[in-house]
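Heads up, the thing below is written out as structure tokens.
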Amino acid sequence: MADIVLDKVSKRFPDGTTAVQDVDLEIADGEFVILVGPSGCGKSTTLNMIAGLEDISSGELRIAGERVNDKAPRDRDIAMVFQSYALYPNMTVRENMAFPLRLAKMDKETINQKVEEAAKVLELTALLDRKPANLSGGQRQRVAMGRAIVRQPKAFLMDEPLSNLDAKLRVQMRTVVSRLQKQLGTTTVYVTHDQTEAMTLGDRVVIMRGGAVQQVGPPQELYDHPRNLFVAGFIGSPSMNFLHAKVEEGRLRTALGDVPIGERVRRELEAGDAPRELILGVRPEHFEDAALIDDETRARGVEFEAPVDIVESMGSDKYVYFTVEGERATAAELEELAADAGAADFAGAGSNLVTRLSAESPVREGENRRVWFNLEKIHLFDPGSGRNLTLHEGRSAGALAD
Amino acid sequence: MSVNATPAGAEAAAEAEQPTGKHAAVPAQRARRGAGAPLSDNKRAERRLGWLLCAPAALVMVLVTAYPILYSVWLSLQRFDLRFPDERQFVGLENYVTVLTNDFWWTAFGVTMLITVVTVAVELVLGMGLALIMHRTLVGRGIVRTAALIPYGIVTVVAAFSWRYAWTPGTGYLANLFDGSAPLTERASSLAIIMLAEIWKTTPFMALLLMAGLALVPEDLLKAASTDGATAWQRFTKVMLPVMKPAILVALLFRTLDAFRVFDNIFVLTNGGNETSSVSMLAYNNLIRGLNLGIGSTMSVLIFITVAIIAFVFVKLFGTAAPGSDDGERR
Ligand SMILES: Nc1ncnc2c1ncn2[C@@H]1O[C@H](COP(=O)(O)OP(=O)(O)OP(=O)(O)O)[C@@H](O)[C@H]1O
Ligand SMILES: [Mg+2]
């Protein structure tokens, strides 16, 4: 077990691609850290550099305080789990799991004991003499995990280990991974492009974009206090609603009506290079049916009326989709997120609004509904730099804060 | 149409399930039986079409291979020397006794075996090296591959002549390197030169087949082995070779069969002098030069049988070579 420190680590490929740029990251001993981001953002490359499978172009990598830039993978004492599982097809499950131990020249007795132990933890005992070809996807995945844990390495590196499983199995294996990591207390770096996995699994989440780290923090912090537009849009499902907002006469003109702003945001906007146009971000759960709230709550937000497109009743609450007229929010980050999500979420004329209302709301499709949203929870972003203007000392305080 | 669609779908599903192993075989069979009645007509028609499509090729094969083989077998059972056509008569296995008790035959057989084993072994090692180089090179891949394949593209006889001239005392540059000695007049050095020529010519072919095998090794598998603690050599022997085994066996089979029939290099380089004849040379000498159809045919049949045995052994090895097959060897 050990801590892992990345100190300004960069990776440039021979063809000139910069896949990873100046990544600073300190992973504490026993911590479970998730690397997440859209496809091609350099997650695998970062992991491969930690494993020693890719050279580090510049910067320093330390495992347990020791610089390992020039060490071969076999001398770093880390175990890796691959998306493809990478099981040796010619070996049985037992031989696969024993392989790292045999290479470490342990005696047969110890090897057998360790393999049996790991097999028991992962419920593989009955499968020990099968070949990988005769296993199901979930079983192969567990063998790959088993091969990683038998050795008790300093750290686990996992590159999208659950991506090849079907949805149900993935949820199941997620808890297996989580429990295993807590049990063993081994430092783990886990790569995924699934933000649900990122939110549920890790102690801390690292969000990457184009080879650079965007924000690092516990999942809830990233959710509540996103540092920029990209993080705000990436974390959360359904994702945050983004609307075009114009600064006029000390108010924000938006498709949801005028929004007042507090002292702090006003000061931000009075700076010389402050943008005149902003992007307003509201999460679905910060909307509520205007008929259901008391006056005190009402005072903390504003109301608007819009036609209801679709109502999805989830039992505990309702997802209600609105279409609002007006200019759409545009920014490089949003386009990137849309491309990663398959563009479906951000298409269409006007803006699509996703809201999560109480189950008691009598909202029906086709009607015009009055909806309230919480000004203390909204975010304002600079469309040029993507910066969250409502963030103060790492906390987001909404539009009204003084 | 809709009646057919369902069983066909079930069949496809059953087929898709099969690779998961023995357990899947039962539902697969059940599905097939369940769909049996409406399918059988269909299936029979399909099978008939299959035979019809094979027929022309099978017919040609019979005409061009089966007939000569059977005719050789027939000839090998007769005393039949074109110089004495009147003495032709059926003698049963007498020719086989003659050949198999003859020292020339066994010398040639030994030479052939030696050439086969040595050349194939050396080619395997060199070919693997070449394949690894071609697989790994990032710059000028095309040029490297083309250059490596040139020897294989040259007509054997032409290449053999250039070897012969190179080793001819006085004029040859290679012979001059060795103080103008005449290596092609001695048995050991002649054999060495023959093997060298063979290896030079066919290593690229071996490399090409092995490179196809290398492409079968997933990159992740090698990465996994690296993090599991394997050295480069261990990655090669414990991960690459087992995964490549089927490709290696195919390459070995092709080359062994080819090498066993070695002819042109010997014909040009030594013409079989100094006991350097291969079995093919011997058969040629008896058949074409000696005009002894009986003995020559007997030798041809013996060569055919040996080749068939080699092929059989290799094919047996293939059966269990597929990765993940349950009846594969266990350590
Ligand atoms: N060998 C290489 N040569 C050049 N560029 C490469 C190489 N490998 C990766 N890249 C580039 O580096 C970038 C990061 O790749 P990486 O594999 O780390 O992405 P990723 O975040 O793991 O994506 P995914 O979620 O799709 O796996 C990509 O733009 C990719 O095209
Ligand atoms: Mg990746």
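In case you wondered, yes, glycine gets a Cβ from its N, Cα and C as well.
Your range for transmembrane segment, going by TrEMBL and the list B:179-198, B:199-218, is B:199-218.
Tertiary neighbourhood of the transmembrane segment (B:199-218): same-chain residues 119, 122-124, 126-128, 130-132, 134-135, 148-152, 154, 156, 159, 239-240, 243-244, 246-248, 250-251, 254-255, 258-259, 265, selected by CB-CB distance under 8 Å and a gap of 6+ residues from either end. Sequence-distant contacts of the transmembrane segment (B:291-315) (same chain, at least 6 residues past either end, Cβ-Cβ under 8 Å): 69, 72-73, 75-76, 78-83, 91, 95-96, 98-100, 105, 249, 252-253, 256-257, 260-261, 279-280, 282-284. Long-range Cβ contacts of the transmembrane segment (B:104-134) within its own chain (Cβ-Cβ under 8 Å, at least 6 residues beyond either end) map to 141, 144-145, 148, 191, 194-195, 198-199, 202-211, 213-214, 248, 251-252, 255-256, 259-260, 262, 275-282, 299.
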